[in-house]
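Enquirer: Mind looking over this structure? Questions follow.
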Amino acid sequence: MTTSSAPGKVYLFGEHAVVYGEPAVPCAVERRARVTVEPRDDGRIRVDAADLSLDGFTVTWGGSIDDRPDIDVPAPLVEAAMKYIEAAVRQARDAADAPDAGFDITVESAIPLGAGLGSSAAVVVAGIDAATRALGTELDPEVVARRAYEAEYEVQDGQASRADTFCSAMGGAVRVEGDDTRTIDAPPLPFVVGYDGGAGDTGELVAGVRALREEHAFAADTVETIGDLTREGERLLAEADPAREPSEDLLSELGALMDFNHGLLEALGVSARSLDAMVWAARDAGARGAKLTGAGGGGCTVALDPTDETELALGYTAECEQSFRAELATEGVRVEEA
Ligand code: MEV
């Protein structure tokens, strides 16, 4: 039995714009997906996803998700989760040169699904790591990141950027610009996450921005401006001492860029009433900055606040189902049990 875990992430800057070659800075946060894998001899795949959704589900199939039994969970949710797991299994079989390997797979995740915290990337990263280890092959985190990206690319019909998978595999703060992916230094930023209990449809949201961008030069400019503010944010991070708590000046400057980034995402049509309400609740509580994180449409916001005020205020905000502090996860994918 082999268990690996991988963290979720928040976007400090740059979601959506990253799809068009602009830089983005996602940061891994200490909310993990854990995937446990036990090889089986009959080539079948059995998935037990105890808390991947509120209900959880168990699915057994041999070769194709089409022959799975009926189960008591919304079909699109199972469909989506199974596609990611199936793609991760394909990558693990290929990496370990074991095309017929079967697995019992248990997925436990503390990362809300489809809510902008990189849940699918974390499951795919941890799944590839655990399954290859279970087959006696140990991959470098960079290789896990590349294979996880290929898995996501396949499931998301080529719309995925490398940001989520690279960040989850490597941990810490990262910078992604097209195919160029690297880890960068960042001080321990005081992230506070607000979650509205919902989720956006990443494919639809990405397609919406693409259409706007193709139709209007000002929408294309908006995407470019997100790239500009991301570069500005990177400069601020590069000047900071990663070993020290961030200064008030740094938090205010990063926060102002986050506020700007949220406004531009709103203009591109990917925010939601609930996300705007959480962003404003955070700002009113004294957060240094706040924005939606991930594809948008619903899901999560991220704020910078070293005090407890934002978390407290979000707790009293009708649109917020859950709020929590999210520490920067310095470690990416890791084996928990071999
Ligand atoms: C989704 O988490 C982030 C997007 O930028 C899409 C991607 O980067 O693959 C919207």
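Glycine too: its Cβ is placed from the backbone N, Cα and C atoms.
As annotated in TrEMBL:
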type     : residues                                                                               : note
DOMAIN   : 84-172                                                                                 : domain 'GHMP kinase N-terminal'
BINDING  : Pro112, Leu113, Gly114, Ala115, Gly116, Leu117, Gly118, Ser119, Ser120, Ala121, Ala122 : ATP binding site
ACT_SITE : Asp164                                                                                 : active site, proton acceptor
DOMAIN   : 251-309                                                                                : domain 'GHMP kinase C-terminal'
Enquirer: Near the Cβ of Pro112 (ATP binding site), how many other Cβ atoms are there if near means within 10 Å?
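Expert: I get 22 for this one.
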Enquirer: Have a look at the binding-site residues (Gly114, Gly116, Gly118) and report the one with the fewest Cβ neighbours inside 10 Å.
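Expert: Looking at the binding-site residues Gly114, Gly116, Gly118, the Cβ with the fewest others within 10 Å is that of Gly114.
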Enquirer: Let me know how many other Cβ atoms fall within 10 Å of the Cβ of Ser120 (ATP binding site).
Expert: 30
Enquirer: Is Ser120 (ATP binding site) helix, strand or coil when read with DSSP?
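Expert: In the DSSP reduction, Ser120 (ATP binding site) maps to helix.
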Enquirer: Give me the mean pLDDT over the domain 'GHMP kinase C-terminal' (251-309), rounded to a whole number.
Expert: 98
Enquirer: Within 10 Å of the Cβ of Ala122 (ATP binding site), how many other Cβ atoms can you find? Include all protein chains, please.
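Expert: So the number of other Cβ atoms within 10 Å of Ala122 (ATP binding site) is 33.
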Enquirer: Inside 10 Å of the Cβ of the residue listed as 'active site, proton acceptor', count up the other Cβ atoms and send me the figure.
Expert: 32
